[in-house]
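Right, one structure below, let's go through it.
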Amino acid sequence: MSTRSTRNGAHSSNEALKHKLEVSSIAETKRRNGNMRNGNDRSVPSDEEDLSSDAEASGSSLFGQSKHFNGKGSSSARLPQDTPGFRPGSIMHISLHNFVTYSKIDISPGPNMNMIIGPNGTGKSTVVCAIALGLGANTSVLGRAKNISEFVKHGCERGSVELTLAGEEGNTIKISREIVCANNKSNWKINGRAATHNEVLDKIKALNIQVTNLCQFLPQDRVVEFSKMTKQDLLKETQSAVGRDDLLEIQKKLIMLRTDEKKMMHDVQRLSHDTDTLRKQNDVLERDVKRWQERQAAESQARILTALIPVVKYTEAKAEHDRAREARRQAHTHYLEVKNNGGPAEEEIQELESQIARSEAKRQSLQDERASLERKTRQQATSLEKFETKQRDLNAELEEIRRRAQKRRDNIAKLQAELTQLDASHPEEPPEGETEDMRRLATELRELKLRVSDEINKFQDDQNELIKAGKYANMEIEARSKKLKELDDVIARKRELLRNASQDTFKALEWLEANRNKFSQHVFAPICLEVSVKDPRYANLVETIVSVSTLRTFVTQCDEDYHTFTREVNDKQGLRVDVVSYHKDLEDFRPSQPRETLQALGFDGYVIDYIEAPRKVLAAMCNRDNIHEVPVALGRVDNETIESKMLFKEYIAEGTRFAITRGRYGSRSATVTTSRVKPQARILSSGETDEVRAMRERLHKEISMYRDQLQENEASVKKLDERSQKARNKYRQSDVKEKELQNERKRLAEIINKWQRNQVHIETKRAQLATMQADEQREVRGGRSQAQQERKRIEDKLRDNARDRAATVCEIADNVRQLSGIINKLALTSLDGHKDVYTLNSLKAEAEKQRDVIIEAQTAFEEANRAFEEAKVAARECLMETRQVTESLSDEERQAVRDAQEQRSDISVSELEVELHTCQQRLAMASNSGLSARVMEQYNERKSQLSSMVGSLQQLEHEMRTIRKKKLRLRSKWEDPLAELVGRIGECFKRMFDEIECMGEIRLCRAGDGIVYSGSDNVTDGFPAPQDDEDYDNWGIEILVSFRKNEDLHPLDNHRQSGGERAVSTIVYLQSLQSLVAAPFRVVDEINQGMDQRNERLVHKLIVDTACQKGSSQYFLITPKLLSDLEYHPMIRVLCIFNGEWQPESFNFKKYISNARQPAAARA
């Protein structure tokens, strides 16, 4: 920001000063000559500066006793003398050169309360800037310009600030800051010696000066920041302001310790988890180790068993060899004995065999003869069965002849009865089925249906054409709606910008959109969403004039909706949003100058001319930012005419924003402040152009046209539906009549068909009856001899068959008798043969038995001999195998084998092999598990690692307990004094609010981080039990106020309370710190702005009472105005800023003071 002065300053009349103040010392003043535009300033003459110095040296106070200034008591009351009284760090002198609006000024404040007064624009806040920048603060502390070079007076290359501070033991410290515009740098000096910025900061820190602390230093542009200050920042600033840096350091240590503690708790949890995991893994590995050890034992056992088996085998083979040799000897002896014994004669056996052969030949002959007779008998039996079958067939034919004759007679009788019944029930022949009327009616109905069908088809075709046209219209509407949606993306972009800029405003917008039914009238969204810039060239100009808070403001149209919105959004949800409700209409805002004047001066128009928005929104913007009174131009304008005539308070031209202010006192000269406009609009740049707006209107018109067409088509389709429905009803009626006619014709046809079917049935029955009666008559007339002949033929066949059957039976009987004789002979022959065979078999058996005994004995001998040889070979092989195995064994293994042999002498080789096989299976299973010697190494390594981790865990727990104890001790040193401090501030705050008939409270807010120490040791012995209140970084001080009766206390913030209420709360809190503050001085700039007279008077009294107490620190109160009849104190020093072109060439301050002290009568 650059500042340009045209006619600065104001001149207060003598009478006004006499009414307000009795001055004993006036701050050094500055004036400018009449040609201010050339920047030629001239400071106050040196003799006037000497007067000021003399006044200070004389010890006179700024005011007399307070009763004198209230218009009570004698005007001749003697004023108390000043005492040095400057605390170390207090400001004793301020000297400025080419700083902002001052060419040169020297100020000597008092050691107690200093009230700097003067009209707006004279440079009061400039003094505050000088104090802050002179003490090493950054420009951000002031909330004004960003670059330090912007504080150099316009047109100058360098500027300087020099502050003289009180030091220890009566010494002074002079700090100088020279600002160089060329490089935007500063040159520092301490007591005339060049210094660095850090050295300056160290020096003021040693004096306990905290320029960045709002509780000590509150510039005009940062008053609002105090109410925005978080509870946490307020606690830190308060501790610093009262000089309890020790408490602040303890808090920082607590924060660090809490951070370390949480980190260690996390490390302990992680290490405990890792230890448990490693222990579980080692437990699993321990099982593998056991299996590996078992495998090693199994391998050792397998080696012993492998060596033991050949030994046992040799032992068994040697025993088997001995047994085989004895068995061979016994088998040889037995063989010789059996061989010498005799058996039956061979000739006897041969004779019996010949006799048996002859008997067998005779038996075979008889057997053949028997078989021949049996075949012949079976053939004759087969012939007999055929004769019997033929007899049964002939008897059946006779029976069938008799059955057919009887059945024919029965059928004739039955048909005659049926015909009699049918003739009786059959009606006469019905008339013809279809009449001429029916045919004519059917023709008429068909023709009617054809006509109606044609009408329906025509209606359907018309409807299809309309539907096709409707589809086309819908497609066109959809296409244009899509284009509108693309245009609406501008709103989406604005919403996204709003979301990023203010979460609270965006949440309030979402709630509003979801709950519009709760409002009686339309509530407008944040103004940035409701407005658009007509010409994008002016977007950055509009955004420069319209504040960000205005763009985020909701607009309601009635008080009821305003209260509904604020109760929900501000009170319940606690969102920080702006909402307004104005009762003025747009017509109530008229520009101060006609548009002809604008054009003559070179302006393009007013800001409102380039904004498109609802009328209520425009009215709200006029009320907040005066967009109807701020002209804008892209090019040059007549600046001189505008400034000389004060035509506008604010305007924009050539990318520069001009603000013109007029002093409230004296000549009311004007001050012009310039600043650059925003280079680019950030929020309103996405507004619609005329082209986009025209396209939107065209699309809306086309959509309306197609929608009208759709409505017309729908009406036509509806009419066609009605006409089509009538035609369909007529068609259905014709169809019903046609179906009725068809049903009647069908009924008549069915009657005729039924009569005809019955007639055919009767004729068929009559033909059947005639046929049967003809057959019966033919049989009666000429068929009797034929039937008898048939029966006689069958009877002759029966007699012939009986004769042949009897002959066959006789032949079978002869064959049976012959067969019986042959069977008897065959039995006798077989019996004799069996006797001979038995005798032969006995002889052969005895001989065979003898041979078997010999063979068996021989075989036994051979087997014993073979077994002996095999046993001998096996024993020799086992001996060699045993020698080979034992030779490869060590002495210990041989001894182990011998011990095993002795201990298990009764075990067999098979048992050993089974045991060895079992052992090998276990080894195979162990080898499949993937175990190796590495498992033992891993087990031992993890066991060592686990031991190390357990030690680390114990060490961490010990360190955490140490930190916990240290933290608890520090907390007790911090929390108790802090609670006492906040309590004292709260008592003073509450007392001051009671004096102004309001309610106020100060609370210490503790905070937790959700982590509570849960150790089982005695860390907390002697301390309170752990609670979730150890988030020391988020501890804070909360200010709660209530300015109305029957209203609850609410936290102080930037939205709930009004500006005046925030100012009162701020100054009361600052005054509550006065008795506790350790800072050498405090600065409060225009804190009374926005207060009503009652609050301003009460606050002024509070400030005077607290700042003028004995031992209080130096206090600077800057204000542009004072009420009459305020209470003052002798310890107050008033510094009046006289700054302007109407200062006299010379001014006798002593004479002026003397005149001011005299009574009015004496002066007259």
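Cβ coordinates come from backbone N, Cα and C, glycine included.
Predicted automatically and left uncurated, TrEMBL annotations should be read as such.
The feature region 'Disordered', as given by TrEMBL for the ranges 360-388, 418-446, sits at 360-388. Taking TrEMBL as the reference, the stretch among 268-295, 772-799, 884-911 described by the feature coiled coil is residues 268-295.
Residues 812, 815-816, 818-819, 822-823, 825-826, 829-830, 833 of the same chain lie 6 or more positions beyond the ends of the compositional bias 'Basic and acidic residues' (360-377) yet place their CB under 8 Å from a CB of it. For the region 'Disordered' (710-739), the DSSP-based tally of helix, strand and coil residues reads 30 helix, 0 strand, 0 coil. DSSP places the residues of the region 'Disordered' (360-388) in helix, strand and coil in these numbers: 29 helix, 0 strand, 0 coil.
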